[in-house]
């Protein structure tokens, strides 16, 4: 069973119009690194070429420098294409109802597998992936760039390319003028020192040429594999640099997280149903056992107060269930079973008291009927001889008393057996349930 972390690491600003990742330190370092080479270039290098080229070297350099900052900020604070999370349900995490890990779909006559994300509770679309840093599933996930501080996905891939190309052109611009300045200064130095020779720096590039050729060959072989998303070079260029503005679904994710905090828990929603069940059980116990009326009424009032304290929903909506709420629900079921155990124990105690009272009543009736039986026996045995009548009366009385004592002992033994059996069953139920 999965135990997803429901909190997302994504941060939002200005009513969810700006969406960014959690790592802000790298983003600040990237801003500083972009500032360091530009200022010395404008101060020390550009004035040397102003007399040979034109003054346009300043605005061109500043334009690409500012463009790099704009595209960097836009990429860092744009929703990369976060997919809204699914609704959390107990049936999803049950072992018998767990979702399959993979499903096969058909995309342009090509079968592909989509994977179930246990954190977001959804099947990821094709070319989507889960970012472990932001803790979100992102459409067309490319990578998580720490220097930008955000994921690179479907909605900010265009601005990320603009940032890379503007920054790359700015680096080439600065490095080109710096190399030109070095060449000019070295030429002046050679004029003053004819014996000096130029350095040779091409050995490292030749060593890397073998790796580059092998990598290009592997790309050439892999491009002929089956890919349902493969397009022409022009179509790929248009899709990368001039894509449509895709909608953002992150607001639905925020609304879903808001519902998780405002809607009451399932324990409180199902409180009325549990109370009705308890009331029916208590009413049945009241009809059977008159001695437990006060206890059952107190239990009913406590259950009703506990059910109405949390609030209920009128529209019958079942909210998402997070793992802490699942534990609350399990605890509520345990409480419900304990309440049923208490009611059953009370009913068994009532039966025990009833058996005891019935035994006492039977013993009292036997003791009252004893003199009556003796008088009847004396009246029926009329004889002429008083001695024989008295002996007969004594003998009959002794016999009757012995029989009566035997009956009383048998009745006591039977009642004691029933009481002992009921007490043993009650103790057995309490030990098992506890």
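Think of each number as a place in line: the chain as shown, counted from 1.
Every residue, even glycine, has its Cβ placed from backbone N, Cα and C.
Looking at the stretches 53-73, 74-94, the one that Swiss-Prot records under the feature transmembrane segment is 53-73. For residue 362 (N-linked glycosylation site), the number of other Cβ atoms no farther than 10 Å from its own Cβ, over all displayed protein chains, is 14. Beyond its flanks by at least six residues, the transmembrane segment (25-45) meets 58, 61-62, 65, 68-69, 72, 76, 146-149, 167, 170, 174, 177-178, 181 of its own chain at Cβ-Cβ distances under 8 Å.
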